[in-house]
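One structure is given here, and the rest of the page talks about it.
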Amino acid sequence: MARDQLEVLHALDKAKTQWYHVTAVVIAGMGFFTDAYDLFCISLLTKLLGRIYYYDPHTGKPGTLPVQVNAAVSGVALCGTLAGQLFFGWLGDKLGRKNVYGLTLLLMVICSIASGLSFGSTAQSVMTTLCFFRFWLGFGIGGDYPLSATIMSEYANTKTRGAFIAAVFAMQGFGILAAAIVTIVVSAAFKHAFPTPKFFEDPIASTPVQADFVWRIIFMLGSIPALATFYWRMKMPETARYTALVEKRLDQAAADMSKVLRVDLPVDNKAVSTVKAEDEYTLISWKFARKHGIQLLGTTTTWFLLDVAFYSQQIFQKDIYTQVGYLKQAKQLAALEETLDLAKAQALVAMFGTVPGYWFTVALIDHLGRFTIQLMGFFMMTVFMFALAIPYESYWRGQHKNHDTGKYMGGHNHGFIALFGLTFFFANFGPNSTTFIVPAELFPARLRATCHGISAAAGKAGAIIGTFGFAYASQSRHRAELDSGYDRPGIGMQRSLIVLAFANLAGFCFTWLVPETKGKSLEDLSGENDEETTTTTTSMAQAPDANNSATNGSSAV
């Protein structure tokens, strides 16, 4: 490429927004819609699984999943996601984005259906089978992270690249909302068809036999959006940047992009791009460490710290709904009634906190920049988390304290829930979006999916710590007030929230390691324009000007 961009890549950077850009966002976005649906619907169903499979009449309480089983069911998909991000990120750089893209979606479809069909003659065998399929479901979901982000970044122009990648990730918000809505519809339909008494009226009859179909149907419905876009994923051409910079086939890159983006690019079968061997540095090399080591450290640490806090909040919210009075105590509800109420509460948080935060990022990221939004998001999350933590006990003054659990009950503390919702808003209008976007822009094409996968896997490591660690850490410091199944006191809810606030503050500090990527070409950001490259061609010199061909051959949406 010498120090000038190849014609095909320069044309992609300057091309107007076209219908295919929108199509690519929808195709990639539906993968993330499915990802979020599958990952977050489990939090709505663990209470129902406990009632169905682990009811013990001697306790006088509704059944609950044992601590270890709950941790496995809730977290095994995250473990699979971490592994999938590393594996498919590496594979996407080795075999190409398109060749691997359909495989991840197919794996998600199969495992969504298989999760709903989890079989076994005992509770333990059903949960073991469910965990097995949810691990592989997570493995497929993991592959969607680096591939979707990389594909969208390599298709997009410099002017709107941030908005396009953010729009793909923003489909997560709709996936979370869809999980809540589907749960509401399915549980309400079964509740209406099979009326049951409340637990305190008849403990056994409060969980109808048909409830076992509810969680299975909800899991299997997650396969529909992924299956609907499978054909279109298979029709997508390989990205021009992978074809030109990794496979060294400029003619094929130009031909592919001319077909889908309506850009009149020069197609020359004899065009060849060669990069000197010493410039083809690998991930494990001093040259990579010198050029991109600090950047990779920044993308991994910020994503890790964000997910420690973000997934801890996901675990925390079920307790919050009950504590602020939005959910009744389990004894006062039938099984499907409890599932329905929990889904309604999550739908409200998604509609007014989660979804708006994502789309604020889409609207403003190419104006404010990634760095500003991430810095602001971490700062506001820190502020609101301290606002929740420091006066934590004072929020519950005047409310009844349950001496069995040590938790305050019986009030509607709207101020607390508002602050809690704002932390979600600024997570999504902040680092939860930008940590996904930036790794898809910073690194060379031959290592882009791998580095994004490493960054995403660091995030999922934080999610695993947040999911498992917060559940234990937030336990009361008094042994008599521990939740059922916990045998060791924690540091308490207030101190746990303070730890999360400091995690957000650390994310704010590590953000300074990540450069701004707004408005710059991927090759300038990755340093590929600085690599000494020779290009041999017989007709490129007579090629039309890229700016004119990109402008004249494109049609704005």
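Note that the numbers count up from 1, one per residue, in the order the chain is shown.
Backbone N, Cα and C define each Cβ position, glycine as well.
It is 413-433, from the ranges 245-265, 413-433, that TrEMBL records as transmembrane segment. In this chain, the transmembrane segment (213-232) lies apart from the transmembrane segment (453-474): fewer than three C-beta pairs between them fall below 8 angstroms, excluding pairs fewer than 6 positions apart. Remote same-chain partners of the transmembrane segment (20-45), defined as residues 6 or more beyond its termini with a Cβ less than 8 Å from a stretch Cβ, comprise 73-74, 77-78, 81, 104-105, 108, 112, 134, 137-138, 141, 144-145, 148, 151-152, 155-156, 160, 164, 167-176, 178-180, 182-183, 215, 218-219, 222-223, 225-226, 228-229, 232-233, 236, 260-262, 314-315, 318, 339, 342-343, 346, 557. For the transmembrane segment (371-392), the partner stretch with the highest count of Cβ pairs under 8 angstroms, out of 100-119, 163-190, 347-365, 453-474, 495-514, is 495-514.
Between the transmembrane segment (347-365) and the stretches 65-88, 100-119, 163-190, 453-474, 495-514, it is 163-190 that has the most C-beta pairs under 8 angstroms. The stretches the transmembrane segment (65-88) and the transmembrane segment (163-190) are not in mutual contact, being linked by fewer than three Cβ pairs under 8 Å (pairs 6 or more apart in sequence).
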